[in-house]
């Protein structure tokens, strides 16, 4: 099929990847209301077109935590990326590296830290959950430091997993999931050969290394559910702040008071995020939550936003709402599932071109120029 926009990659991935993996990325929790609002709330924000400005010199690059980024985005941590393309985390990291943006490796990646880090030139970011097994957390931090990871992304919005009903229907979980996955493999032969056979082992690399035994996809949900810690508080993170010397970003902030707590805690950044609508359904979209958070802490801490970003225009919208940078999750997973590394590189090129158009026609030469004035206040019309 012809790929002309990032949204085309979703359809391409739907065709190539078996349903249990496609819907794992595509779906949200409960009735998926927040998942839908993440996208629609961004789509409904009108950009303010300005013309007859000299836009011949336009720059999409930023500096974040001492790193130069070619555009204000980071590939977000996504679990089990190695099930979308052969050794998928390596391919996605190489694509990000080639395009000048960071890649964030998930705690529950297929490829372990030690496989991904040597495959790229720039330091990757590493994401960690708060888990009951503090020994695993310390081990993961030590390995991330040894591999040269530059920034720690600490996900705090999963003290308990959300109810993802779509996974029950697709075969990711639910009755007869093993046989359903096998049957889906027969109907997706290219994926079955490229990923299912040549992409082995299909284990959670970071977890398996620590446990000394293979933790596979069938154990994935169970291991996470068993190890999520609903008792966590800011105090539990203090030892991590002392242990981790590099930049630390708290992911999963939706309330201004929590953002202020992150500043008091000493975090270097936050990610305004509802986990892509995969945790608590019915919460605010990130686009709605972002402006009051920016009002509360802008300038005191770096603000990254994710959830619902589907094109380069959405990146500009998030920046105008108060973000310093953005994270892309589903968008890159669709591209990875469709075309591997080349797909992710092409997707990033598309996003950058779309940003160029949006910045040119809103008369913003640099990322720092993008302010709330780049948006139309529809309440006054």
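Numbers here mean position along the shown chain, with the first residue as 1.
Cβ atoms here come from the backbone N, Cα and C positions, even for glycine.
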Ask   = Among 24, 334, which is the one Swiss-Prot gives for the substrate site where 129, 164, 278 also bind?
value = 24
Remark   = Taking every pair from 24, 129, 164, 278, which the record gives as binding substrate, the longest CA to CA distance in angstrom is 19
Query = What are the non-local neighbours of residue 306 (FMN binding site), defined as same-chain residues 6+ apart in sequence with CB under 8 A from its CB?
reply = 76, 271, 272, 273, 276, 286, 326, 327, 328, 329
Query = Among the recorded positions listed here (275, 310, 318), which has the Cα closest to the Cα of residue 164 (substrate binding site)?
reply = 275
Between residue 322 (FMN binding site) and residue 278 (substrate binding site): CA-CA distance (Å) = 23
Key: Of 164, 275, 278, 330 (the recorded positions), the residue whose Cβ has the fewest other Cβ atoms within 10 Å   = 164
